[in-house]
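Q: Dumping the structure here so I can ask a few things about it.
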Amino acid sequence: MSAQTLPAPGAVVRRGVGHGTGFWVVAAAFGVAMAFTVVPTPLWPLYQREAGYSTLMVTVAYAAYAVGVTVSLFLAGHLSDRLGRRRVLVPALGVEIASGVLLLATTAFPAVLVGRALSGVAVGMITATATAHLAELHAVARPSRGRGLAELVGTAANMGGFAVGSLTSGLLAEWAGAPLRTPYAVYLVLLAAVAIGLALVPETVTPPAERVRYRPQRVAVPAAARGRFATVAAGAFAAFAVLGLFASVAPGFVGGTMGHPSRALAGLVAFLTFGSAVTAQLVFARVAARRQVLGGLVSLSLGLLTATVAVWLPHLPLFLLGGVAAGAGAGLLFKGSVGTVFGLSEPATRGEALAGLFLAGYLGLSIPILGFGLATAAVSTEVALAGFAASVVALAAVVAVRLVREAR
């Protein structure tokens, strides 16, 4: 759920470990950073039970993360092109560590909001920077190879990190002591370790000799293809909405409506959803972007409807199956949307067009989840979920119809 831009590398400066080793250090740091952001996912039912959080409070805390990512993505996500990759990655991990310290120290809602927002800020700085750094280090370490390995590892570290983070957090919360403390403590150690490792990685960007005036990341829509862009942007909105649901309140369905309070099981739900997303992206990487989008829309819709029915029954295996299908659909839908925007935009404005797509995606990560939280204040969780599913599936249907019409 993050920008995947690949800026051209500048002059290469060697320092510390070699470029081949540095590639894997950056991959590890990328994965740990993404994993940390979902540590609270299987813990939200505990926050509700032990700290008195309502469903609305959980969704607001999750939305704070999405807001942090969005703001950071547009204000700081592109700074490594001028300052250098390592010079952005190391401070970003410092921000994540500050977030972890806050979340470790207290369950007070204002502190959790700040901690989640800081985590989002760090992710906005890390995603595009780490992706670019991987490509540049790989190009130097193995100049005769293409970008395939760098893209594969970047995808696995990004979405795969979400999957691994939720599972390990759930396992630690289930079988280690202090479930609202131990997962954060473990990941703080990991974050500190990869931050030290990053300090030894070669820099691949030389800052310009003259000072360049700062400006935020611009957002632009391809003028010749506004309709197609709007269509895939709506698809990205739907994809992120579904991933946000399973990263925030879905563990509460398992522990509440379905009567399975296991933290490990709560982590498994998110693991299966994000794991199926990254698997679908890798397996169908060579499928045409339009087919990725259409296939993703179908899988996302069927999965979300299945999960909704499972909550109403309730039926845990059916819910897990729905999560897998919805996650695969969301991952494929977003990958196809990125590929479509690449094809619609000119190289000179591609970053700005992708920024617009990610803006739509991160709005989907926050607005629908907040709407769900507000709805639970007036209706039951089951009714709120039905309304959420109906809205997302309706949007998916509109996107599918528009894509079919545009292809004629």
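Glycine is treated like the rest: Cβ placed from N, Cα and C.
Bear in mind that TrEMBL entries carry predicted annotations, made automatically and left uncurated.
What TrEMBL records for this protein is below:
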DOMAIN    21-408  domain 'Major facilitator superfamily (MFS) profile'
TRANSMEM  21-39  transmembrane segment
TRANSMEM  51-76  transmembrane segment
TRANSMEM  88-111  transmembrane segment
TRANSMEM  117-137  transmembrane segment
TRANSMEM  149-172  transmembrane segment
TRANSMEM  184-206  transmembrane segment
TRANSMEM  227-253  transmembrane segment
TRANSMEM  265-284  transmembrane segment
TRANSMEM  293-313  transmembrane segment
TRANSMEM  319-342  transmembrane segment
TRANSMEM  354-377  transmembrane segment
TRANSMEM  383-404  transmembrane segment
Q: Taking the transmembrane segment (21-39) as reference, which of 88-111, 149-172, 265-284, 354-377 has the most Cβ pairs under 8 angstroms?
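A: That would be 149-172.
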Q: Could you name the stretch, out of 51-76, 117-137, 149-172, 227-253, with the greatest number of CB pairs under 8 A to the transmembrane segment (265-284)?
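A: Of the candidates 51-76, 117-137, 149-172, 227-253, 149-172 scores highest.
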Q: Is it true that the transmembrane segment (293-313) and the transmembrane segment (383-404) have 3 or more Cβ pairs under 8 Å, skipping pairs fewer than 6 apart in sequence?
A: yes
Q: Out of 184-206, 227-253, 319-342, which stretch has the largest tally of CB pairs under 8 angstroms to the transmembrane segment (383-404)?
A: 227-253
Q: Quick one: average pLDDT across the domain 'Major facilitator superfamily (MFS) profile' (21-408), no decimals.
A: 93
Q: Sort out the residues at least 6 away from either end of the transmembrane segment (88-111), same chain, that have Cβ-Cβ distances under 8 Å to it, and list them.
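A: Sequence-distant neighbours of the transmembrane segment (88-111): 26, 29, 33, 36, 39-40, 47, 50-51, 53, 57, 61, 76, 79-80, 118-119, 121-122, 125-126, 129-130, 133, 180-181, 184-185, 187-188, 191-192, 194-195, 198-199.
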Q: Using a Cβ-Cβ cut-off of under 8 Å, list the residues of the same chain that are 6+ residues beyond the ends of the transmembrane segment (319-342) and lie near it.
A: 1, 4, 159, 222, 228-229, 232-233, 235-236, 238-240, 242-243, 246, 250, 253-254, 258, 268-269, 272-281, 284-285, 289-311, 350, 353-354, 356-357, 361
